[in-house]
Amino acid sequence: MGLTPMMRQYLEVKESCKDCILFFRLGDFYEMFFEDAKVASKELELVLTGRDCGLEERAPMCGIPYHAANTYVGRLVSAGYKIAICEQLEDPSASKGIVKRGIIKIITPGTYTDSSFLEENKNNYIMSFYLDDNMCAMSFADISTGEFNSTHSNFKEAVVLDEISKFAPREIVLEENIKESFIHTIKERFPNISISKIKEENFDYNIDNNLKEQFNNFNENEYETIVKKSANGLLYYIFHTQKNILSNINKIDYYSIVDYLTIDVNSRRNLEITENLREKTKKGSLLWVLDKTNTAMGGRQLRRWIEQPLINKNPIENRLNAVEELLNNISLQEDLKEDLKSIYDIERIVGKVASKSVNAKELISLKCSIGKVPYIKKYLSGFKSDLFLNMEQCIDTLEDIHKLLDKALLDNPSLSVKEGNIIKEGFNEEVDSLREAKSNGKKWIASLEQKEKEETGIKSLKVSYNKVFGYFIEITKANLNLVPEGRYIRKQTLSNAERYITPELKEMEEKILGAEEKLIDIEYKLFTEIRDFIEENIDRMQKTARIISDIDCLCSLATVALENNYIKPNINAKDEILIEEGRHPVVEKVIPKGEFISNDSLIDTKENQLILITGPNMAGKSTYMRQVALITIMAQIGSFVPAKKANISICDKIFTRIGASDDLAAGKSTFMVEMWEVSNILKNATSKSLVLLDEVGRGTSTYDGLSIAWSVIEYICNNKNLRCKTLFATHYHELTKLEDNIEGVKNYSVSVSELENEIVFLRKIIRGGADQSYGIEVAKLAGLPSPVINRAKEILQHIEGDKEENSLNIAPSKEYKSKDYIEVSKDTLNTKNNLGSEIKHDTLSETNTATIIEDESTKEHLSSNKKQINCRTNDEKSIKKEVAVDSFQINFEYIKIDKIIEEIKNIDILNMTPMEGFNKLYDIINKTKDID
């Protein structure tokens, strides 16, 4: 048995969209078959059935009503699927044989425009990426708003990932032969992004003509070839999916990555710029604090401002001056905000105009929105700052469009543009005439019903209408005996009624329905003419929408500044960040009002280049560092800042290495990720950058970590091409000595108060290094069980021991045969336990013994810290090792313990077999047997 004609047609269509779920129109339903049906039934919770199709087995099938498709499409697209819509392209009743069908649209995560599934304050970007040797280009479009941005740079994965993080596209279009390793990197970092591939030729084909046709501002000589290829590839994909050239995408905006403050992927996450670390939601982010916008357009624009802070002084100061003027004119600001509240999403409405999907109600929303523009222009004339004056000169009031919409459309039109009831009375004579005929016909129907009731005496008689039988007279069976013989023609029998018609009724029906049908056709024709006129003026409306969104952003920043007592920062060119009584903008909003402790900051590229911050965990070091970065970002956005005074130097890049970012499932340890991030910072930071480093070196052994942290500080301060402004938090108290040896290092610490064996974090950053880490106290605050805390205190007391002794004699373990004698002079090392707390080792009596791990790394470490080491050979039977320490002594027993602990920490358990794990455990147990 062969395939049925319908199934053959289905399979032919499906062949052209293998990566999509095919919605195949059959009558009033969209049907899905085979694997598509299985996926859709699971995702949409539909019943999976089957259909005979000429194969040995029934084809799996599920379906949805065509009029409810948007809801189901939205759910599938949100889950990352692509949907191909296959429609009937001819009237089934007029078709001979199988109905002609074809794909009219492909809906993908990056091309979806249904406002009910899009976040109104967030763009829905689709991105294209093109790589050519060592250069790459990227383009980003939001087809719902018409934005189209392109850039290019030398190819570095980090640069591409930063741009992806900034724009957060839902979908990325790549050349089909691009390396899978690169795709894997993207998916690993951004698992929710959909990847689509197109052929190399689609980036090249008819490139200049395509771009000229699409963009009003395109000049082929202004763009690098690689940029044009990236843009052309994205346009091809949009046309391929939308089956239409979208007129709202009419301007290409090229930007250089270095035109904005660079905030890399990790820093965006660590600083919680647009979403918090835990829930990945807006609440608790900088955007959450600053967003008091009144329009969807303004909300999207403010997000862009925050994602792309400025690095040029003039535009920053223009924004700051505008915000200041709003704060000095509160009544005018309130008038502006009140009108902004009445403005709908102009950008997305005209986007629907371009895609021919706009309805009359949305055009009424457009009319109401642009009706507010003349008032906004009037308010702008009351300001004096350059930014507002320029806006007042450039804003188009769109009065001609408002006049047309107001004259043409009913205030409350039908939702569907093919049901009539759209055009206002007086706009078109033919519409008025047909409406009168329709109205008169219905009046005649009403009078007929009243006449028949009176003449037959049947009070329940009624004249009704349905699409199957048209108009009819309905009489209940209880009153059939009252029906005059021959008065009516029987049409239909129901269980408790009879339906009749008369020649006169049918004649009037033809007039009424003819008028209705013609009226619907004419109203739809007029609507499309209005829509086409608006489409011709899309660029005018987009320019006005952008000005409105900028005004909304400035009003939002002014509102936040007023509510939170922010001040206007001074933007300087001195490479200096000076903040008096600065506050963390987010933290102060989530704790009781007035409880946040403010702090001062002074960072420059000279005497205060690297601020070395010591102090216990939970004391506020990380909050303080983030606070400085966020205040800098806010200033470069053009926002007032949470401080008493702020003098901000413009930064070109902000880097952070704060908090854990392990990826154990990918086989990456904490330390490896940390080192990768530090490496990225040291390679890419400049003297104009702001760098935040927290606990560098903590993921490895104490000695290794201290050495790395020390070396990183030296590199930052001594490298003439770097010398970036740096905040460096650490538990390695030994590093505080660097203030005396390295120019630009300054010690600061978090103030702590001790009251009755309890500690209180004062959250105040003070000059000088910390002398304790309070590790046990922090553990107690964190809720560790009392027995653990008490035992820790006992161990610490034992380690500290008797500090009056000035030397330590340690006998070597029996397993060592060395005759070396090591004497370490004053100012040797402090060591740290694995919680980061400082360990001050005790002075042991001659009866105390400890195993000395004698390896080259220990010797090298001691040597690198300029300790006096004298080695001399003695008789094997009188081996003696003496370590003389000024204020404390090192118990090498703990060095061995530390090494075992580090070995345990570095076990890659995810990649071990059970037997390997058992053997590793047995090996560790054996190593501990040597320790007393």
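The backbone N, Cα and C atoms fix where each Cβ goes, glycine too.
Feature annotation from Swiss-Prot assigns ATP binding site to Gly615, Pro616, Asn617, Met618, Ala619, Gly620, Lys621, Ser622.
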When a 10 Å sphere is centred on the Cβ of Ala619 (ATP binding site), how many other Cβ atoms does it contain? 26
Other residues, Cβ within 8 Å of Gly615, Pro616, Asn617, Met618, Ala619, Gly620, Lys621, Ser622 Cβ centroid (ATP site): Ala729, Val750, Phe761
Across every protein chain in view, the count of C-beta atoms other than its own within 10 A of the C-beta of Pro616 (ATP binding site) is 24
Number of Cβ atoms other than its own within 10 Å, given for Ser622 (ATP binding site): 20
Among Gly615, Gly620, Lys621 [binding-site residues], residue with fewest other Cβ within 10 Å: Gly620
For the binding-site residues Asn617, Met618, the largest set of other C-beta atoms within 10 Å encircles the C-beta of Asn617
